Amino acid sequence: MALSLPTRQRRGVASDLPSPSSSRSKPDEKEDKRKRSEEGQEHKAIGWFLPLFALGMLRYMSATSNIIHDCDEVFNYWEPLHFLLYNSGFQTWEYSSQYALRSYLYINFHELVGLPASWLFPDDKVRVFYVVRFFLGLVSVISDATLVVALSRKYGKRLASYALAMLCLTSGCFFASTSFLPSSFAMYAMSLSSGLFLLGKPASAVAVAAVGVILGWPFSILAFLPITIYSLARRFKQTFLAGAVTSLVLLVLSVLVDYYYYKRWTSSVFNLLQYNVLGGGESHLYGIEGPIFYLRNGFNNFNFCFILGLLFPAFLPIARRKYAPDLLIVVSPLYIWLGFMSLQPHKEERFLYPIYPLVCVAASAVIESFPDLFRDKYNPHDNSWPVVIAKFIRPVVLGLILSASHARTFSLINGYGAPLETYKILEHYDDVGTGSTLCVGSEWHRFPSSFFVPEYISEVRWIDDGFRGLLPLPFNSTLGGTAAAPPHFNNKNKASDEQFLRDIEACTFLVELQLNRPYPTRGSDLSTWEPIAALPYLDREFSPSMYRSFFIPYLWQEKNVFGMYKLLKRVSK
């Protein structure tokens, strides 16, 4: 009996020793918990169907109703594409082989869709235009859907649903998603790269970032730095190889394509960076804006969503456990890019496109965190009345944002959609015969591209209405087409003597915006011209900012002032 007790004790001690299957370290246990948590989130996450369907519907609406917001989109992207497809179109000085600032590789990416569409619709260039727009919308759908699914798997359905609603309906995303601009392409890359990063694919995220920078917009490299640096810190070798190989392949391909079109060895990526960053250019020649330009612009395009997005860093101490570090890494380019671009004298709305999806993500995280402001940090299930009220406020705030966004979108489409619709009317007047000339004066910057000019019109000419900057001129196949370096082009924005048609009697059609101004317009002489189309166009200068920026039922028509966007035909004598 005396010997049995120690034996039992020894057995008891031996039995308390951990078995091989249970001898895991605390980090391993934490990793298991993290994986189980992620698996649970995936099980509850939003699937692919909802974001693809919702974004697909809204991007289709954008492609069919979007206006052209910037003449740069027309002359630097739609026109070169039109030249590659139809051997006619306008050339800007940036596409002169002397300067070679624009990449034809980016144009070729869209030609992959535009060329088959031109074969399918040989007599309908307008339809080709919209096919390319549908393609842009499709790329946006895939990239934004990836971001929504990634948010859902990592942070839950609620935050992802808020982000999906804003990506679909905020005016900024609605319009930028189908704009033919490198900054829009960088926006697609930002959404896709952020989504892949949150899905735990850092190498793929960096590879997509490289595509956005080199194929799209080289300046956007600053916006992709946070994800790139953090991804390299996580998995250096795999991420570095993915980014380096993608970058090298695209750079080599870009140089080869530039050589094919410009007929000299050059790099449009380097030329663009040199002109804008290394002191070789003078972008201020094209206008300067004050330091709060982007704040005003951000509120116009995102209303309260933009304000909440800017407040994300203030909410981070409260929601640090949920969102740090990954979501902070994802939305940090919003503040880096906004700060950097606000310091530049030359500002344009499209320069903010790359961070548009991040505005939606940051605002969604803030709205989702409203109850955390009042919740007891030691009681995650706290349902006190302030917490309940905060939960109720979330859908109210989201509804306010979406309503204001719809009002903004409706105002822009209906207030400024006349140019696209006016040019479409030209196809019904082919009875004038071939060799007709379409003349455009002060409305040159709203020209919607040669895709809207029927074949019976032999040329589009600018007439002098007082503009003293350099205007685009047609690609000249005699001088070499894309390889030409026309002598009338310069990088100082100085008007060329060749850019205007002096003999207005040669015009068959005239496009003009008639506003209530003390000076007469060319279209006012009805003995010389007859109007064949006249559509209302919102007069920004004489309309109150609140009523022109957002559609308010009844008051929008009553408070705003409208001019008439006219298409005129010369009267036969």
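A Cβ is built for glycine as well, from the same backbone N, Cα and C atoms used for every other residue.
Under the heading compositional bias 'Low complexity', TrEMBL lists 15-24. Taken from TrEMBL, the feature compositional bias 'Basic and acidic residues' applies to 25-40. The region 'Disordered' annotation in TrEMBL covers 1-40. Here TrEMBL flags 45-62, 128-151, 163-185, 205-233, 240-262, 301-319, 326-345 as transmembrane segment.
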Paired segments the transmembrane segment (326-345) and the transmembrane segment (205-233) in contact, 3+ CB pairs under 8 A: yes
Candidates 45-62, 163-185, 205-233; stretch with most C-beta pairs under 8 Å toward the transmembrane segment (301-319): 163-185
Residues from the same chain, set at least six apart from the ends of the transmembrane segment (205-233), whose C-beta lies under 8 A from its own: 103, 105-106, 109, 182-183, 185-186, 188-190, 192-194, 196-197, 239-240, 242-243, 245-247, 250-251, 254, 269, 272-273, 276-277, 325, 329-330, 332-333, 336-337, 340, 354-355
For the transmembrane segment (45-62), distant same-chain residues with Cβ under 8 A (at least six beyond the ends): 134, 137-138, 140-142, 144-145, 148-149, 152-153, 156-157, 160-161, 164, 167-169, 174-175, 177-178
Same-chain residues at least 6 beyond the ends of the transmembrane segment (163-185) whose Cβ lies under 8 Å from its Cβ atoms: 46, 50-51, 54-55, 58-59, 61-63, 66-70, 72-73, 77-78, 81, 106, 110, 132-133, 136-137, 140, 144, 147-148, 151, 212, 215-217, 220, 298, 300-303, 305, 350-354, 356-357, 359-361, 363-364, 398, 401-402, 405-406, 408-409, 412
